[in-house]
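Features as listed in Swiss-Prot:
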ACT_SITE  HIS274  active site
ACT_SITE  HIS320  active site
ACT_SITE  ASP375  active site
Amino acid sequence: MKLKERLAELIPQWRAEVAEIRKKYGNRKTMDCTIGHAYGGMRGLKALVCDTSEVFPDEGVKFRGYTIPELREGPHKLPTAEGGFEPLPEGLWYLLLTGELPTEEDVKEISAEFTKRMQNVPQYVFDVLRAMPVDTHPMTMFAAGILAMQRESVFAKRYEEGMRREEHWEAMLEDSLNMLAALPVIAAYIYRRKYKGDTHIAPDPNLDWSANLAHMMGFDDFEVYELFRLYMFLHSDHEGGNVSAHTNLLVNSAYSDIYRSFSAAMNGLAGPLHGLANQEVLRWIQMLYKKFGGVPTKEQLERFAWDTLNSGQVIPGYGHAVLRVTDPRYVAQRDFALKHLPDDELFKIVSLCYEVIPEVLKKHGKAKNPWPNVDAHSGVLLWHYGIREYDFYTVLFGVSRALGCTAQAILVRGYMLPIERPKSITTRWVKEVAESLPVAGS
């Protein structure tokens, strides 16, 4: 496989570079670590390495240095499906892994590899899912299905056989190819079992990774294929410090294989503070539609936004921990909606919110970022095309996030980074020594 051959050339170079950095600059500060960091979820603490993506306040996420508009529209546009516009996530995965823009041939090779391996999901995985009550939360089923596949791990087998550390990334790559191929199959199986009468659809060997997920869920429409390609591209990676990405790296640092680490990551993603935002936005938009009997006027929405804020509530889908501009992932989804569903009533409310709410938040004065984030839009797109099972939205998020999590895991195993082991402190210690500690920046 050309991807593996290219990584075999790049990873030894990167490993040497990382070793040199650790040797030369290992005692340099990235920033001051404060008591506030320890009690505040380590928010903003520069203590992890992630080379696949970086989030900038004024540009949003960059995948290996490229912005979303660059990769989606040019000048570095990723390959697309025949007759399509949206980037194929297979191409993004190549970029995340290598740091290089893929050719059409690179993308076709990865896509063909995924399609071939989709046929290899063991029957016992489906048996595990069938043994669970049908009303089990889809994210619980998703995490269980992933973990059930651990029996197939190449990394685990080779580690038991005494695999050299320099070879860890190769086994991680093989597991990642198998898991990424299996995820659409598992996700679609859960969807059909829970919501579509337990009838199931096999993968289509002629479809790409994202389109096959839509197909196996029962949505054979080119616009849905394009939406899934865009969705998987946009939600794929967002640095290494969010709950799902960090969980994946933490568990993986103990030499747990990708099935174990990514299953753990999905349990983090299932938490309401991480993976439920787009559902909350959609419910809020639908509540507005019901309250006003359709699309509200600008004045009605402005008054309702003020009432919401003055009652101490937040407006879902607006604001971001890092961004200080409209999330480029939101802009890409808005562009898709303007092209494919400009007359959708819920989209009209989303557009009106974009016009009204930032100005209200600016006047309110408490929001550091009054602009919409990625979650302000995605639920409405899924709803429009008939995917109306709120609880399943996080599974789609999880399938997408696997692209970034696998790429990060392969790279850190290539760098041969050690197990994570930060030092904890006690509240008693803080009370005893806090007054004597220097203030950050002093």
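Each residue, glycine too, has its Cβ placed from N, Cα and C.
Structural mapping of features recorded in Swiss-Prot.
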| residue | record | CB count, 10 Å |
| --- | --- | --- |
| HIS274 | active site | 16 |
| HIS320 | active site | 20 |
| ASP375 | active site | 25 |
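Cα of HIS320 (active site) to Cα of ASP375 (active site): a span of 10 Å. ASP375 (active site) and HIS274 (active site) have their C-alpha atoms 11 Å apart, to the nearest angstrom.
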